[in-house]
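The annotation active site, nucleophile is assigned in Swiss-Prot to Cys87. Per Swiss-Prot, the feature active site, proton acceptor maps to His345; the stated evidence is sequence analysis. According to Swiss-Prot, the compositional bias 'Low complexity' annotation covers 31-48, 408-422, 490-509, 892-903, 930-943 (among others). According to Swiss-Prot, the compositional bias 'Polar residues' annotation covers 532-544, 602-631, 735-747 (among others). Residues or ranges marked as compositional bias 'Acidic residues' in Swiss-Prot: 592-601, 707-717 (among others). Sequence annotations record features per position, and here Swiss-Prot assigns compositional bias 'Basic and acidic residues' to 632-649. Positions annotated as compositional bias 'Pro residues' by Swiss-Prot: 680-689. Annotation source Swiss-Prot lists phosphoserine at Ser419, Ser421, Ser575, Ser577, Ser650, Ser682, Ser688, Ser746, citing similarity to another entry. Residues annotated as phosphothreonine in Swiss-Prot, with similarity to another entry given as evidence: Thr561, Thr565, Thr685, Thr728, Thr749. What Swiss-Prot lists as region 'Disordered' is 16-55, 393-422, 483-782, 868-988.
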Amino acid sequence: MLHSLVPRYNKCVPFPTLRTDNNGARKQAEHPNNQSHHNHPHPTSNPNELPKPKRVLYPRENIRIGWKQSERKWQVGTGMINVGNTCYLNSTLQALLHIPALANWLVSEQAHLADCNVAEPGSGCIICAMAKTLLATQSNQSAVRPFLIYSKLKQICKHMVVGRQEDAHEFLRFLVEAMERAYLMRFRNYKELDQLVKETTPLGQIFGGYLRSEVRCLSCNHVSITFQHFQDLLLDIRKADSLEDAFEGHFSRERLEDMGYKCEGCKKKVSATKQFSLERAPITLCIQLKRFSMIGNKLTKQISFKPRIDLSKYAARSPAAQAQPLTYRLVSMVTHLGASQHCGHYTAIGSTDTGSFYNFDDSYVRPITMQNVCNTNAYIMFFELDLSQAASPPANRPNGVRLTNGHSTTPVPAATVSSPSPTRFIGPQLPPVGANGYTNGNAQKTAIQFKQQNQQNGLQLGTGKFQDTAKPPLVGAYAKGEATSAPTANGNKSSSPSSNSSSNHKSINQQQYLPISSDDEDIDDEMKPGPTTAQLPSMPNMTEDSTEPKAKSPVKIHLKTPVKTPLKSLVPYESASEEEEAPLPNPRQSTEGEDFSESDQESGQTNGHSKTNGSLTNGSASSSVHVNNSKQKTDAIDEIFKSLKKSADSEEDDDEEEPSIQLTNGWHPQKQSQSQSKAPPSPKTPPSPAVIKSKTGIWKVTRNDEVDAIDDDDDAVVVEGAPVKIPTPNKTHRNPFSSSKPSTDSPATPGAKRQKLLNGSALKSHQQPRVGNGYQSNVTSNGSTVNELLKQSYRGYGASVLSWNGKPAELEKEPFELVCAKRIAGHGSVEGSDIVEGSVAVDAAVTSSSDSNDVVVIAVALLVDAREQRQRDLDDDEENEMDRGRQRKVKSGSAKGNNASNSTPGYNPFQEYEGQKRWNKNGGGGGFSRFHNQNYRQNFQQRNKFKFNRFGGQGSAKFQQQRALQRHLSAGGGFSRRQPSAQQQQQT
């Protein structure tokens, strides 16, 4: 008989093992009776329908759903005292006792409660203990101690201990199972009842339901149907963000293991798919979200859910399943606070007969809004059937919370949410209670007003406290702010006065560094609707020639974003020339060679701005005062740039002078008062660079390349041995305003001296020529680094390419072996003298031989000589190397004396002697310990030589040998491992 049942049971793997994963697999394995399989249909029933039990222990119709079905007036309930890590117990009890169906059944057990005795510890009925605990929470005004439950913890679960942290879902399953056993013990032959009958207990009728499992063969499309009893649904939330997504994943069709299902039609193992559906929904649906894994980790993601759920789309296609109500409402839940299942805290949330929710945190009870309930990271949720929604069609079932509880027979007004009118509001609303859960006479009216406000504003909020009746004035104020907003300095609109003040503050801090446009252009910018998109200001062009004339095309850019990183002064300026007063390139100018009169007119307005109470005012009077000053500066600068155009004779000088002019003219901040007090120079006489008097000395503002020239001049002074005066600004060949050319300097000038120095005329008689390795900072007469780059090579960077000037580099012209010979020949010297001598020797050898083959032979010979010299140097270093503790030095007596032939390589007599003392510590026949102090040991032998002859007498060979060894070691000598017998005889 068992053999005939194997194919049928192979069709469906047990539910906990088939849909298990890392989350919650342990709890499913611990409760094998949680879900049972029914593969034996009644002989007279359809095999595709749920079988009917032979006996019903408690009818399903006797379960009273909802708080209104009981004659008792239900209270909120008190908290429960935590007696030591019992938060899991308190939270589970609070969640169970706030389920209306379970609470109504416990209260109805008055007859059994009178006959059952629960006073004895470790015995009694757990159902009566639950009923008394429920009555205690309803009657007391303070927190109760659930001692009737935790005193029977061993009866509920054997491995649970009071005071230890446990899992709330595990305790829930064992508690419900214990209550079922207690109910079955009322019947005499309960052990003989089949599984279908045992599932008809009150606990089975409240929490129990049936799932239809359909396994479809992919080869012959044969469908095998089985039914499974369940009391909770374990939903995987790893790939779900809401409760509906978790339901979709649980009831979706999944593929079984390939070739792992034995089909009844094919009679072989094939691939198949499996899908669950609701055959009979439970009255109270218990949902556990798989937040814990096997190793104790917790998945703390937020799972959104609604207070009402509809499971109609997951119902089976059978007529009985389609006719049942599948709309549920939230009644209670258990939450877990913590990072893992081994630590944390459990709390509970329960509903009352008024429809409000309360949070139960051990002994603390406080009301909680529906919005906070839905935002809670739930662990266990209890939903109960909503029979009030079962009468209406599924399409007309609203998802929001009703204003009434829905279980009374009183008619609902048409203005409430349950009305099927077109203006019906769908969504969560407040129940007809106040903030603390107490009803008032205006609750229903207030809810209707909230609904109208929601329809006007287009918002749907869950609670009335979030509704705002003053939104039209706020909207009007916001529109007014938008209308009156003006463009700020960055081109964006802002209605906040703080942003305007902050932008003005930034402009005040930067007014002495940055050019500011004129008032007329500011007015034009405000009148014209410029673009509001952010644009970067034009930066100074450091690569183009500033002396080339370009087309005058003034471009006005509406963006007025100041540069936020101005260059600060590195020198304490106390006076400045007019040529350094030119500001930074204006963002309104797109090129360097635009109309300079416009640029200077804008820069002249920089001094026209004044600070008034921390704000920048562009006064017309202050701007008109400096009009003549701006015109004079314009004429002077025009003459300056005309002279610069005439003095530009080469491309290298132009490229070098252009960035320095910009640095001198644009990037040095100047004080406004000093620049205003200085009179403009004559247009015919170009101004010279400024000489500044400060506390540290006299400073001269020049360009960076002039500093390099002065450094080179210092070198020239050392070579020539004659003092050189510092050139005055009028005679400096680097002066950008000088009309003379740099090539017309007299030989006495530092530039001529440096030219002679680099050409080699003055260098031949004083010092050795410099070796140009491409990394020295010496520059040529034109002050450019391009000539140094021309001498460098691209060797080692891939294919051979030309140098900077398009010709092969100087290093590439020489053979590679010769270059290596030059480098190796000068390897051994630290001071560098050998390098020069080796290079000179190689050059002399190369110049003496004109043939290329001779050059290669010479190079090879030099390589061999250099290698031999390096080997000789290395040998000398090894001989002269001092001992730094890296090599162990061992003294040995084998190298001298008559025992040289008996020495062993690597033998260390000191190590053997020290080790022998430790090895023979307790040896020697007499049992006396050998002391490490040899002097003490010697005295010991002298004092005890007459008591017993331990060493065979004073004249024995062993005693004499040890004494000789001590004298030999004290003298600093060594010894071999074994002494010859002839020497021992001589000692004796």
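Glycine is treated like the rest: Cβ placed from N, Cα and C.
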With every protein chain in view, how many other Cβ atoms are within 10 Å of the Cβ of the residue listed as 'active site, proton acceptor'?
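A count of 16.
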Under a three-state reading of DSSP, tell me whether the residue listed as 'active site, proton acceptor' is helix, strand or coil.
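Once the DSSP labels are grouped into three classes, the residue listed as 'active site, proton acceptor' ends up as strand.
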Across all the protein chains here, work out how many other Cβ atoms are within 10 Å of the Cβ of the residue listed as 'active site, nucleophile'.
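22, counting other Cβ atoms within 10 Å of the residue listed as 'active site, nucleophile'.
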Give the distance between the Cα atoms of His345 (active site, proton acceptor) and the residue listed as 'active site, nucleophile', rounded to the nearest whole Å.
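Rounded to the nearest whole number, the Cα-Cα distance is 7 Å.
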Would you mind pulling the DSSP three-state label for Cys87 (active site, nucleophile)?
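Note: Cys87 (active site, nucleophile) is helical by DSSP.
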